Each structure stands twice: as structure tokens, then as C-alpha cells.
């Protein structure tokens with residue numbers, strides 16, 4: 001039986017189909033990279049002091065990577081094979097993730113005091129394990145240098161660390177000190193004085209301010225967030241746009257595939273009708 005024009009016509013747009021495929025392919029590659037970094041970090045570091053944080057960063061990378069891999073796999077295969085089930089799975093999961101992010105943002109804003117309390121506990125835990133892991137140490141030092149701060153609430157928080165503890169029973173040479181990353185940096189100095197924070201916990205706030213940044217990092221970060229709301233809003237929007245684009249493209253493609261199925265069923269029924 002010769003093919004008619006209705007047989008050659010298709011509702012499914014090839015441009016949309018392959019656009020959705022390449023869109024998912026990019027994030028599929030990113031997912032593989034995240035999984036690789038997470039596995040490598042887990043194997044190399046084994047048990048790390050970073051586990052004192054709420055979530056182990058290596059484990060978090062693997063979870064995010066695996067979830068992203070599954071989602072993008074559904075999107076890639078679903079678009080190429082024009083599989084409605086996979087495309088619907090892709091669309092539903094993206095929608096759920098988007099809504100969860102939205103709810104988390106609202107809850108974080110509403111319960112900001114409780115969130116701040118959780119962050120304070122996490123920072124205190126990180127301070128206690130400062131010397132236990134070089135990566136955690138570098139992370140804290142970078143944060144204190146970047147925000148010109150020291151400790152969580154104040155520089156006295158470093159007394160929670162067994163090496164910097166200010167009790168008389170502490171035999172450490174770093175007793176009553178703070179890390180060098182708390183110190184005021186003189187640009188004219190070519191060599192960093194790593195002992196510049198020695199004994200500053202015994203000084204009053206104003207006296208300590210002559211040697212270190214006495215303000216805590218939590219208040220500094222909160223102030224930075226308040227002064228950079230537009231930047232953070234732009235980042236949040238940048239994360240949300242790819243999700244919304246994926247949801248929109250997949251839903252359009254699903255509708256086109258459904259219309260194509262209806263057309264094929266109509267053509268079959270039309271050809272089998274002896275009165276047509």
C-alpha cells in the first residue's frame with residue numbers, strides 16, 4: 001500500500017527532540033564528573049574529619065551525581081526513543097525537585113533562627129576538629145581570610161579546640177591562641193607570621209583587635225548574604241532556569257508524541273474502514 005501524506009506527517013519536532021537530548025547530555029556528563037570526584041574523594045580520604053559536618057561532602061557529591069545521572073538518563077533515552085513513560089518520569093522528578101527547593105528556601109527564610117542555630121553547631125564542630133584533617137583546616141582558614149573573621153561567634157570559640165583551649169591544664173604550645181588565618185594581614189610583610197595569634201584569647205576584645213579580626217564568621221557571613229541578596233537571587237534563578245526549561249521541553253515533547261500516537265491510530269482505523 002503506498003504511503004500517503006498523512007503517513008509522512010509527524011507532530012514530533014526533530015529540533016525539539018534533539019534539543020532535549022543534548023540538553024540532558026550536558027548534565028549527564030556533569031553527573032558522571034560529580035560521581036567520579038565523590039568516589040575518588042571517598043577512596044583517597046577514607047574516614048575524614050569533614051564527616052563532622054552535617055553531610056560528608058564526598059557522599060553528597062555521589063548522591064547528587066547518581067540522582068542527576070538517573071534523571072538525565074530518563075531525559076536522554078526518553079527523547080531519543082520518544083518514550084512517554086521515561087519523559088514523564090523525567091518531568092515529574094524535575095518538578096518535585098524544583099518544588100522541594102522552593103519549599104526549602106521558604107522554610108529557611110521563615111525559620112532563619114533555627115537554621116542559624118544549626119549552622120552555629122556545625123561551625124563549633126568544625127572548630128573542634130580543626131587539626132584533625134588538612135582539608136577541613138584549609139577550608140576554615142580560607143573562610144576566615146575571605147571574611148576577615150575568627151571563630152563562629154567570636155575569636156573565643158577557638159577555646160573549644162583541644163590545641164587552642166585556654167585552660168591551665170592544656171599543655172599545648174598553642175594554648176590560648178587562634179589560627180594565623182585570624183590575624184590582621186600586613187601587605188608589606190613578605191613572610192606570614194604564623195604565631196601572630198599566640199595568646200590573644202587572654203586579651204579583651206579591643207586589645208585582641210590590634211592583632212586579629214575578633215568578630216565571628218557567622219555574623220560576617222549573614223551580613224554578606226544580606227548585602228548580596230540580588231547576587232544570591234541570580235544564582236538561585238540560574239539553578240532554577242535549567243529545571244524549568246527541562247520541564248517545559250519534556251512536556252511539549254510528550255504532548256507531541258501523544259498527538260502523533262492519536263494520528264497513527266486514526267490512520268490505522270481509517271485504512272481499515274471499508275466505507276472510506
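Positions of Cβ are set from backbone N, Cα and C atoms, glycine also.
Beyond the transmembrane segment (20-39), the same-chain residues lying 6 or more positions past its ends with a Cβ under 8 Å from any Cβ of the stretch are 58-62, 64-66, 68-69, 71-73, 75-76, 79-80, 90, 242, 245-246, 249-250, 253. Annotation comment: TrEMBL describes 20-39 (among others) as transmembrane segment.
Proximity of distant same-chain residues to the transmembrane segment (59-80), defined by a Cβ-Cβ separation under 8 Å and at least 6 residues beyond the stretch ends, is recorded for 17-18, 20-21, 23-25, 27-28, 30-39, 41-42, 86-87, 89-90, 93-94, 246, 250, 253. The transmembrane segment feature in TrEMBL is assigned to 59-80 (among others).
Positions annotated as transmembrane segment by TrEMBL: 86-111 (among others). Long-range contacts of the transmembrane segment (86-111) within its own chain (CB-CB distance under 8 A, at least 6 residues past either end) are made by residues 24, 71, 74-75, 77-79, 236, 239-240, 243-244, 246-247, 250-251, 253-254, 257.
What TrEMBL lists as disulfide bond is 149-182 (among others). Same-chain residues at least 6 positions away in sequence with a Cβ under 8 Å from that of residue 182 (disulfide bond) are, in sequence order, 144, 149, 150, 151, 155, 158, 197, 200, 212, 213.
Residue 166 (disulfide bond) counts 14 other C-beta atoms within 10 Å of its own C-beta, drawing on all protein chains shown. Look at TrEMBL and you will find 150-166 (among others) tagged as disulfide bond.
The transmembrane segment annotation in TrEMBL covers 229-254 (among others). Long-range contacts of the transmembrane segment (229-254) within the same chain, counting only residues at least 6 positions beyond its ends with a Cβ under 8 Å from a Cβ of the stretch, are 12-13, 16-17, 19-20, 23-24, 27, 75, 78-79, 82, 84, 87-88, 90-91, 94-95, 97-98, 101, 105.
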Around the Cβ of residue 150 (disulfide bond), the count of other Cβ atoms that are within 10 Å: 26
